[in-house]
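Asker: So that we are looking at the same thing, I have put the structure below in structure tokens.
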Protein chains: 2
Amino acid sequence: MTVTTPKGFRASGIAVGLKSTGKPDLALVVNDGPEPASAAVFTSNRAQANPIIWSKKVIQNGPSRAVVLNSGGANCFTGEFGYETTRLTAVAVATEIGADPENILVCSTGLIGSGDQVFRDKIVTNIPKLVSALSSEDTVAASAILTTDSVEKTAVHQSNGWSIGAMAKGAGMLAPGLATMLVVITTDAALDSDALDRALRRSTAESFDRLDSDGCMSTNDQVTLLASGGSGVTPDETEFAEALAQVCDSLAAQLQADAEGSSHDIDIEVRGAASIEDAVEVGRSVARNNLFKAAIFGNDPNWGRVLAAIGTTQADFDPYAVDVSFNGVRLCHAGGPDRPVTDCDLTPRKTHVEIDLFAGSFSATVRTNDLTHDYVHENSAYSS
Amino acid sequence: MTVTTPKGFRASGIAVGLKSTGKPDLALVVNDGPEPASAAVFTSNRAQANPIIWSKKVIQNGPSRAVVLNSGGANCFTGEFGYETTRLTAVAVATEIGADPENILVCSTGLIGSGDQVFRDKIVTNIPKLVSALSSEDTVAASAILTTDSVEKTAVHQSNGWSIGAMAKGAGMLAPGLATMLVVITTDAALDSDALDRALRRSTAESFDRLDSDGCMSTNDQVTLLASGGSGVTPDETEFAEALAQVCDSLAAQLQADAEGSSHDIDIEVRGAASIEDAVEVGRSVARNNLFKAAIFGNDPNWGRVLAAIGTTQADFDPYAVDVSFNGVRLCHAGGPDRPVTDCDLTPRKTHVEIDLFAGSFSATVRTNDLTHDYVHENSAYSS
């Protein structure tokens, strides 16, 4: 159980033929209340899929009652026909569960530009079946949202009388600007939509927004947070936000660990920055540097490529003051060589790069992955 | 003959053991006048190599008399010792040719962080031999500046009584912000340094600055333009600038064609932009998108990844108005599918992507390459 761990939620997942593998590809999460509330954050990519355009309106219409998600097609850049597919999907769900279509969130993931009549029919005609499969003990929804992911990503937090459950998908096009990927988080805490929105924005900013696996921002990213009030408990907002942050952090780490073709999970910790923004900018510049990422794949602690990357930023620092360590071994001190690179072992998957700018007291960690042959293969051998 | 095609220049190249292959790795270009003038543009990376720090001062000291270049070591982030190596190199050249060290430009290329006593000795003690090899019919200098390049890059322009010659190196870390790579351009036109500077900035902005092979900006990029006045002819400034632009464009195309591990040369032509800046920003966003670059390697005209990339820019456009063509075949019209992707053949190395934003009348072309297994191999199998 994941999104159905909190009281007041049912979920389901079925296979409707969108995936050529025949695996589950349609999922539904329904909020049964008694006090439904909701919040969501969306990709900041200006090229937005039809479900994003739809869901951005829905989240303004008061508490969302359900979120329906499909893999096997992004329904992005599919024109007015594609938007109508999204709307008809919401209508079908609303009809079956007795709600207003204006309160049904829709998410899609898959190939951009795909979403024809066959795609529409497979989804819309199977909504009754999807609703029939709803259960408070569902085990399929988390797999039905996967695309190139190799494992399900879920997280649960149990607290004093209330809980959080979550599921996520995402393995490529993984570089959020505001939100990221498809994530559904549920809670039976009794909180209104404004409180959920505050907690969600804070949690995503420090988790998904700092995951930058391949520098490519998706058109379909959405993180949805639904509260049912089913526990009857209203937690302290800070306590709830911290629990939510832990859940988001766990999911971000799971996404990183399953990133397409990756052989290293690289945590780039930037310290001594003049501001959080500087720390994130510096971390992201390294995370997006292909030469650095290829070097890590080759187990080469190439600190020169780190300095070359951060030199392209506007952050406050003196290149000749910077220290760089790999897996705890300082190889660059004050912008010059420190120890031999052979002192450092980069063979473990888990890789820690620490950059000290000596320009202030702020720090941030950006998560990324290495650039590998398998990444190139997965993203060149077929369309995705 | 390349940089010695114009009258008033001698050049040389020798092997001093900086390259493990034993190939030439030290080059010199001397401006014998009679009316020496010079201009240069440098990397906008804030992490700058010692030769860049040195040469930025030199170019302010009046006409430069020579440029000495080494491959086999970037002399970047090598501390005060490295800066002294650069200075001693200039002093040695100045002593041998009878000039002031303050008028000797220095360029280096190779691994960042490399530049020890052995490196210094190999360069400085061999300057007399390098000067002895100077010739107006040199054929070695253009090869002595290469690193991972597989071929020499040269260009010559002959005009009415005057000429331009040029040599360049660069195969990776190829994403300029102001200048790029190591390039030496000579001319026997009689022009002062201010005129050279104007022409050089204009020409590099529209050539090297729009070459973005792998998104990684170098710490050592320098484009040097030396004029001897040897022809006795002062060309019209516009005529000279146009000739210089042709030379730079030719070199940029040669750099693109030899980019590390690449299998496609991709020209991204952005049309209908509201400004030149918008056109370049949109082109660069696509050039830096790993998913797009991997798709081209797989001969997949994935227009969805193009739209996802340009959606991350601040440029003025409506995603639902954009057209995208691959090799002359329009696959995306008004932000939706147009023809089947199978209508398009991406097997030729030369690849043309045309993006029409329908937001104005400006256009620009950004050159890039695909993301291949060979790129990953070259940049992970050994340090560079």
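Glycine residues also receive a Cβ, built from the backbone N, Cα and C atoms like all the rest.
Pulled these features from TrEMBL for this protein:
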- A:T147, A:K169, A:T180, A:E260, A:N379, A:S384: substrate binding site (BINDING)
- A:T180: active site, nucleophile (ACT_SITE)
Asker: Using a 10 Å radius around its CB, how many other CB atoms surround A:N379 (substrate binding site)?
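Answerer: Excluding its own Cβ, A:N379 (substrate binding site) sees 29 Cβ atoms within 10 Å.
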Asker: Suppose we draw a 10 Å sphere around the Cβ of A:E260 (substrate binding site). How many other Cβ atoms does it contain, all chains included?
Answerer: 26
Asker: Chain B proximity: which binding-site residues among A:T147, A:K169, A:E260, A:N379 have CB distances under 8 Å? Answer 'none' if there are none.
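Answerer: Among the binding-site residues A:T147, A:K169, A:E260, A:N379, the ones whose Cβ sits under 8 Å from a Cβ of chain B are A:N379.
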Asker: Over all shown protein chains, what is the count of other CB atoms within 10 A of the CB belonging to A:T147 (substrate binding site)?
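Answerer: So the number of other Cβ atoms within 10 Å of A:T147 (substrate binding site) is 21.
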Asker: Can you give me the same-chain residues 6 or more apart in sequence from A:K169 (substrate binding site) with a CB-CB distance under 8 Å?
Answerer: A:S71, A:T109, A:I145, A:L146, A:T147, A:D149, A:K153, A:M181, A:L182, A:V183
